[in-house]
Amino acid sequence: MTVVNKSFLTILIFFCQILFPLNASALEAPRTVKAWASVLGDNIAETWNEPQHVDLYVPAITWHARFAYDKEKTDRYNERPWGAGMGKSRWDEKGNWHGLYVMAFKDSYNKWEPIAGYGWEATWRPLTDDAFHVGLGYTVGVTARDNWDYIPIPLVLPLASVGYGPATFQMTYIPGTYNNGNVYFAWLRLQF
């Protein structure tokens with residue numbers, strides 16, 4: 001097993017443990033998944049029906065992990081994903097962020113890639129200035145790529161962010177194998 005595959009497997013196991021915590025009884029697992037799906041559905045509906053903000057998304061950077069690619073490939077790839085998006089978002093009673101979004105940007109091959117989904121982040125305000133915030137969470141959505149004939153591709157990815165007031169720099173990491181995936185993708189999210 002290569003280092004890249006071990007890293008991917010470690011990340012996958014970590015996020016599966018967060019998303020689907022193990023219970024003492026195997027019989028409780030289906031109820032846990034059902035409860036998680038119900039909460040997810042409720043959060044999506046509440047964000048859609050009762051948003052607090054309208055968001056502008058501006059893609060900022062894609063970076064292909066150099067340890068996971070041949071140099072010839074990374075030399076050809078686009079890492080400036082210009083595009084734009086919009087969304088609706090809210091902060092819940094715990095101070096966590098929920099958002100629905102749609103975005104289109106130029107992918108690694110400089111072709112348009114749309115993405116739409118729901119994102120959630122646990123949010124912390126570690127400084128005395130409450131305008132500064134950091135977050136960790138996930139996004140569930142669907143994308144489509146030119147090199148896959150624009151077939152819809154479901155996704156579950158980690159999210160992280162750092163922000164001040166209405167401006168947030170949000171990011172994800174797309175895991176993969178050698179010469180595929182292993183991409184850091186980040187964007188600016190402005191709340192109005």
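Note that the numbers count up from 1, one per residue, in the order the chain is shown.
Heads up, the Cβ atoms here are built off N, Cα and C, so glycines get one too.
Residues or ranges marked as active site in Swiss-Prot (evidence: sequence analysis): HIS64, ASP107, SER108. Residues or ranges marked as signal peptide in Swiss-Prot: 1-26. The site 'Role in lipopolysaccharide recognition' annotation in Swiss-Prot covers LYS73. For TYR178, the entry in Swiss-Prot reads site 'Role in the phospholipid gating'.
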Subject >> Coarse DSSP state, helix versus strand versus coil, of LYS73 (site 'Role in lipopolysaccharide recognition') >> reply: helix
**OP:** For TYR178 (site 'Role in the phospholipid gating'), just count the other CB atoms lying within 10 A of its CB, please.
**Re:** 14
Original post:
CA-CA, which of the recorded positions HIS64, LYS73, TYR178 lies nearest ASP107 (active site)?
Top reply: HIS64
Original post:
Looking at Cβ-Cβ distances, which residues of the chain lie under 8 angstroms from SER108 (active site) while being 6 or more apart from it?
Top reply: THR62, HIS64, TYR77, ASN78, GLU79, VAL183
**OP:** Quick one: pull the CA-CA distance for LYS73 (site 'Role in lipopolysaccharide recognition') versus TYR178 (site 'Role in the phospholipid gating'), whole Å only.
**Re:** 11
Subject >> ASP107 (active site) in three-state DSSP notation >> reply: coil
